[in-house]
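Peer 1: Here's a structure for you.
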Amino acid sequence: MERAVTVVILSLVFLASQISCQEAILHVSNGNTEREYCIVHNHSWTPLSQSLEAAVQYPLVNMTSTMLCNNATVFPDVKGKALVVMRGGCDFSQKALLAQSLGATALLLASNKTLITPSANDSEYAKVHIPLALMRYRDFLEAQKVFGENMEVKLYAPPQSKLDPSIAVMLLIAIVTVALGGFWSGACERDRLNGGADGGEGGGNKADSGELFLYSPLKVVIFVAMMCGMLVLMYFFYNVLVYVIIAIFCLASASALFSCLDAVMEKIGCGTLSFSVRNWNLSVRSIILASVCITIAVIWGVYRNEDRWIWILQDLLGIAFCLNFMKTISLSNFKICVILLTLLLVYDVFFVFITPFFTKNGVSIMVQVALGPDASGEKTQGNMVEVPAEPQIPSEKLPVVMRVPRFSAWAQNLCGMQFSILGYGDIIVPGLLVAYCSRFDVWINSRKKIYFVSCCIAYLLGMIMTFAVMLLSGMGQPALLYLVPFTLITSAVVAGCRGEMRQFWAGTTYEVTERTEVAPDPTRGSCEEVGS
């Protein structure tokens, strides 16, 4: 009985998640070759088949020499065939009714202008009974070169599912990055303590080399205030600051990727061949890794606006950036965690939900900055879409999000790549708490890593809740609204149940007063080693 109920619920959720989109697919073939092109139709006016198999195939007649606005011209025999004519000169409905009177079974409008959802007066909707869609004129010219005049076409509009596989990929990226970053931070703390136990100077009361501790509530408040100021500056001076951020990201992500790969090499025991040049000690491994990391960053910088594949490099660099940030920045106690995460939660909610009331276009500052100045809000299943007829110069976007293509949005991707996105902050901010929990497990010698595991599970549940609300509401959500309560409450409950809240709240037994740079000690393990 329970299984039957579960199956019914999942089926209802799946069916409810199907969206009828305005973008559709034109399938062109000649028996040997097949191509598919983007078309835009009105599914509430002239609905199309939802699959290629169910679509009817028609011979295509090229009539792009006319706009099909009157019947004064002598037309070829088009009965039972699909027509392609030029857009313009008269209304969509007038063209469709004339094509219908000639016996055509489908009408394509080749356009040199932006493709929009075709519409007509309410009184003419019921008169049109044949499929009507707009296509790019350049796509038709390309099809002519490939197929000549012997083209067979099918028009179909596969429904887009809200439950896209990209959500699972994004969820996997987020939880793996948070878990690895927390584990790495704990491994560094274990190495630091082991170094102190082995006789290193001040090992128990100093921060590790290059590691920055946030220990002062005032500094946390200043840090969040600076983030707010930077976001507002990005909103008003986006066209200038975006290139500064891109340059900083290239440098920071290349350095972070080097740190991650070097740690992996150290862990698997990959040896180093060292040599000296003018009192500079260099290693072959470091030179090779640095070359690879710089090359990846440069490739991303050059091809950053190429949607089809560059998202892979951006996500790779983003994962490395998040991991290195979680390893480098340490929160000294749970009190600082609570202050920082709460302030960033307010920051996230304010700039997503409140700022639309103050902006001219009604788009939140957070969305505007994340998606670029050309963003007009998130695309939903609205009744109107616009698809450029010609290639557009891409607008620069900030490299501050993980991007994964929506794999099920096949028709939409033909018209323009669609992505699911997740901000780096939605990984880093809860990740800092996960990293603190991992270090606390080291301090209390918890073999089961109870705090670390519990916080990771809470993060996973918070992400699932975020995606669930997003799917049900059809709107993007500030992930911290769900991640912060899940992770903070879970960590506090675990500490309370174990009777360790006072120690968990106070954090380390030593007081960090400044960022400390410690000279490397050859007798100590490296923090870059991911593991003890």
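Just so it is clear, glycine is given a Cβ too, placed from its N, Cα and C backbone atoms.
Pulled from TrEMBL, these are the listed features:
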DOMAIN    56-139  domain 'PA'
SIGNAL    1-21  signal peptide
TRANSMEM  167-184  transmembrane segment
TRANSMEM  212-234  transmembrane segment
TRANSMEM  240-261  transmembrane segment
TRANSMEM  282-303  transmembrane segment
TRANSMEM  309-326  transmembrane segment
TRANSMEM  338-358  transmembrane segment
TRANSMEM  417-438  transmembrane segment
TRANSMEM  450-473  transmembrane segment
TRANSMEM  479-497  transmembrane segment
Peer 1: In the domain 'PA' (56-139), how many residues does DSSP call helix, how many strand, and how many coil?
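Peer 2: Looking at the domain 'PA' (56-139) with DSSP, the answer is 17 helix, 24 strand, 43 coil.
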Peer 1: Are the transmembrane segment (338-358) and the transmembrane segment (417-438) close enough to be called in contact, which here means at least 3 C-beta pairs under 8 A that are separated by 6 or more residues?
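Peer 2: They do touch: at least three Cβ pairs between the two stretches lie under 8 Å.
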Peer 1: Looking at the stretches 167-184, 212-234, 240-261, 309-326, 450-473, which one shares the most CB pairs under 8 Å with the transmembrane segment (417-438)?
Peer 2: 167-184
Peer 1: Per the 3+ Cβ pairs under 8 Å rule, pairs at least 6 apart in sequence, do the transmembrane segment (450-473) and the transmembrane segment (167-184) touch?
Peer 2: yes
Peer 1: Sequence-remote contacts (6 or more beyond its ends) of the transmembrane segment (240-261), Cβ cut-off under 8 Å?
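Peer 2: Answer is 233-234, 286, 289-290, 292-294, 296-298, 300-301, 304, 316-318, 320-321, 323-325, 327, 372, 396-400, 528.
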Peer 1: With Cβ-Cβ distances below 8 Å as the criterion, list the same-chain residues six or more beyond the ends of the transmembrane segment (212-234) that contact it, or say none.
Peer 2: 241-242, 245, 328-333, 335-336, 339-340, 343-344, 347, 351, 365-366, 369, 398, 511-512, 515
Peer 1: Quick one: mean pLDDT on the domain 'PA' (56-139)?
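Peer 2: Value for the domain 'PA' (56-139), mean pLDDT as a whole number: 85.
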